[in-house]
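Pulled from Swiss-Prot:
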type	residues	note
ACT_SITE	Asp313	active site, proton acceptor
BINDING	Lys22, Ser23, Arg27, Ser169, Ser170, Gln171, Ser197, Asp313, Asn336, Lys340	3-phosphoshikimate binding site
BINDING	Lys22, Gly96, Arg124, Gln171, Arg344, Arg386, Lys411	phosphoenolpyruvate binding site
Amino acid sequence: MESLTLQPIARVDGTINLPGSKSVSNRALLLAALAHGKTVLTNLLDSDDVRHMLNALAALGVSYTLSADRTRCEIIGNGGSLHAEGALELFLGNAGTAMRPLAAALCLGSNDIVLTGEPRMKERPIGHLVDALRLGGAKITYLEQENYPPLRLQGGFTGGNVDVDGSVSSQFLTALLMTAPLAPEDTVIRIKGDLVSKPYIDITLNLMKTFGVEIENQHYQQFVVKGGQSYQSPGTYLVEGDASSASYFLAAAAIKGGTVKVTGIGRNSMQGDIRFADVLEKMGATICWGDDYISCTRGELNAIDMDMNHIPDAAMTIATAALFAKGTTTLRNIYNWRVKETDRLFAMATELRKVGAEVEEGHDYIRITPPEKLNFAEIATYNDHRMAMCFSLVALSDTPVTILDPKCTAKTFPDYFEQLARIS
């Protein structure tokens, strides 16, 4: 297996121009495909997950052109739901941001489409979304294991009263929200359980509004969506920088700055993961906010005990930053780590122990006490981009670290290690 050994990094300083947000890129691509008119997306992320969405849209007959660096996409909207000519199978890798929204959108009208992906995708639950779509009339068949992809979709979603469990993934609700305006009837979506990762729902609602559709949000407990609507292209749309990707550089500055400035997000960003900067500030770093940047300067870091449900992806970065904080850090309410690219609670606990931390892994929390000195370790990445990027921070100690399968960052940030080297 390929590996990358990072030598100890004495100091970080500089500016990082962030790649586009994965969450925003894939939502914007799908809405642009469903909309009337031509949309030009700029600062689009070029990564595996986005390529899976683009390939699926092409297979569904959507016409688009990409710039040479794949960050500008001109897409001709379909002016309504997407249809395949005959039976079709779409391979979506391990891209949840493609699998979940497409599973819903392709239930409009009549289709015969199979959605499948990598082995890990077949372990990521989708039953709550399927249950909700079936309530709205969709005909969906599990082709292997009940509640998991691959799925056969045969259309039929018309709207109506739909319940969805919000406790596992906000992507199920996102998928329903983006699809419901195109259904023939009105849809009332009721949330069962506690809704996780609420800020990701705000990204969805924000983008839908940009494409001309507003819905009634009743305190995140119920959403009322008028049927028979259509999305309208905004003309051009700039994809924000990826706030989850920003977390590694901001944390590096908190540990070994200097000052690092990330551009492409700022105080008005729609992504909840910008709140990661508040957590670093609470730990002792100095944060400065601009309209299109966030900067972080080193501070004496102290442990925290916090509910991280609002920033589940960026919270992983706090788990490795905790290795450099005084005291025991506890991250709570993060059960949904278990249903991401890998079981991130198990993976994080396992790899933190390798570098010498004392770790308690709970059902939905992790407690981390750093060692006096970090051990050298070979870090397994579980084909999870965030594991690779999080554990690069170990090199900010006086100990090298080896990252196995470093290219797994291609899911969201193909040139991550080059960017880290630029500020080191």
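FYI, residue positions are counted from 1 along the chain as it appears here.
Heads up, the Cβ atoms here are built off N, Cα and C, so glycines get one too.
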(request) Give the three-state DSSP assignment (helix, strand or coil) for Arg124 (phosphoenolpyruvate binding site). (result) coil
(message) Using the alpha carbons only, what distance in Å do you get between Lys22 (3-phosphoshikimate binding site) and Lys411 (phosphoenolpyruvate binding site) once rounded?
(response) 9
(message) Give me the long-range Cβ neighbours of Arg27 (3-phosphoshikimate binding site): same chain, 6+ apart, Cβ under 8 Å, in sequence order.
(response) Thr97, Pro101, Thr174, Met178, Ile203, Thr204, Leu207
(request) Between the Cα atoms of Arg124 (phosphoenolpyruvate binding site) and Asp313 (active site, proton acceptor), find the distance and write it as a whole number of Å. (result) 16
(message) Using Cβ atoms only, which residues of the same chain lie under 8 Å from Arg386 (phosphoenolpyruvate binding site) while being at least 6 residues apart in sequence?
(response) Ser244, Asp313, Met316, Lys340, Glu341, Arg344
(message) On a C-alpha basis, identify the one among Gly96, Gln171, Lys411 that is nearest to Ser197 (3-phosphoshikimate binding site); the candidates are the binding-site residues.
(response) Gln171
(message) Return the count of C-beta atoms lying within 10 angstroms of the C-beta of the residue listed as 'active site, proton acceptor', excluding that atom itself.
(response) 26
(request) Could you measure between Asn336 (3-phosphoshikimate binding site) and Gln171 (phosphoenolpyruvate binding site) for me? Cα positions, answer in whole angstrom. (result) 11
